[in-house]
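Some notes on the structure that comes next.
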Amino acid sequence: MAEVLVYVDHVDGAVRKPTLELLTLARRIGEPVAVALGSGAAATAATLAEHGAVKVLTHEAAEYADYLVVPKVDALQAAHAAVSPAAVLVSSSTEGKEIAARLALRLGSGIITDAVDLEAGDEGPVATQSVFAAAYTTKSRVSKGTPVITVKPNSAAVEPAAAAGTVEELSVSFSAQATGTKVTGRTPRESTGRPELTEAAIVVSGGRGVNGAENFAVIEALADQLGAAVGASRAAVDAGWYPHTSQVGQTGKSVSPQLYIASGISGAIQHRAGMQTSKTIVAVNKDAEAPIFDLVDYGVVGDLFDVVPQLTEEIKTRKG
Ligand SMILES: Cc1cc2nc3c(=O)[nH]c(=O)nc-3n(C[C@H](O)[C@H](O)[C@H](O)COP(=O)(O)OP(=O)(O)OC[C@H]3O[C@@H](n4cnc5c(N)ncnc54)[C@H](O)[C@@H]3O)c2cc1C
């Protein structure tokens, strides 16, 4: 069976959930071979093996942390040369997409970004994308070179599937460009204790209807009961009520959680572009004619300051 390279996103050996989702998809099209780089790479092997990696190629070097993406592209190219895979899968983070694009260019391959599903096809893997502000769903496959495909977080379930996970040291020689852009400083973001917006299984968002920065506490309280990330519409962000990094939409982040709860958000096309592929959508809006109600699975017409705290309380009660 053909091998499929999966680029591993990890923090000091702790594998991030989108990589485990990639392993689920990789198994549909071949045998997953994981590529883990940098500090803690070898420590990823057990988790990757539990989720179907037949092989784990590792390489630890300071360059991966000290320089921007090129060393990682060099390593992935070396893995590609060693394995001749049927496809290369990378998670659709900002960094993941840059790595994937550079790799595809080097390989002379076609690339598909932001896939939301992946299946085996007679002439190579077929990727599903949600395009034009999610107005269309397309299926496509790469027709030149090794398909390089980036997949949005939450596009597949994490499914344990024990495999050998044989660890092999990858031989990498860095290119002249690898050390071209050095990381000169790092400031950790203040942690909210909530999951990362683009990876969260549940997102609770607030819009102009929240009517003030201090009122976002209502949204945060619901998010915390659900273990969710907090998102915001551009109107709320532009008003300075919530950080820009939390903006969902065409010019913000694109999310695809299992559950998206929008409160005080009208559902403008630019907002929908960033959340329409969510599995279940719930909206709370006091205007029954708000366009958000056209795409919801469950809608509540009401004042969010009445509805959301009740919902939060009910969840708290049921959790006991
Ligand atoms: C090029 C471009 C890019 C853009 N990119 C983005 C983007 O990435 N993300 C994004 O979100 N927008 C984006 N926008 C802006 C977008 O067009 C909308 O203006 C924005 O999404 C509106 O935000 P909103 O729904 O919070 O506000 P509004 O459209 O003003 O809607 C507020 C809603 O809250 C409801 N409401 C008010 N009070 C309450 C209450 N107490 N309880 C319940 N409901 C209440 C109202 O009925 C209304 O439906 C972009 C626009 C452009 C032109």
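Even glycines carry a Cβ here, placed using N, Cα and C.
Automatic prediction, not curation, is the source of TrEMBL annotations.
If you check TrEMBL, you get these features:
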{"type": "DOMAIN", "residues": "4-183", "note": "domain 'Electron transfer flavoprotein alpha/beta-subunit N-terminal'"}
{"type": "BINDING", "residues": "Arg208, 233-234, 247-251, 264-271, Asn285", "note": "FAD binding site"}
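Annotated features, which come from TrEMBL, shown on the structure.
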| residue | record | DSSP (3 states) |
| --- | --- | --- |
| Arg208 | FAD binding site | helix |
| Gln247 | FAD binding site | strand |
| Ile265 | FAD binding site | coil |
| His271 | FAD binding site | helix |
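Fewest Cβ neighbours within 10 Å among the binding-site residues Gln247, Gln250: this applies to Gln250. Considering only the binding-site residues Arg208, His271, the Cβ with the fewest other Cβ atoms within 10 Å is that of Arg208. Around Ile265 (FAD binding site), taking its Cβ as the centre, 31 other Cβ atoms fall within 10 Å, counting all chains. Averaged across the domain 'Electron transfer flavoprotein alpha/beta-subunit N-terminal' (4-183), pLDDT for the predicted model comes to 96. Within the same chain, the residues at least 6 positions away from Ala268 (FAD binding site) whose Cβ sits under 8 Å from its Cβ are Ser233, Pro291, listed in sequence order.
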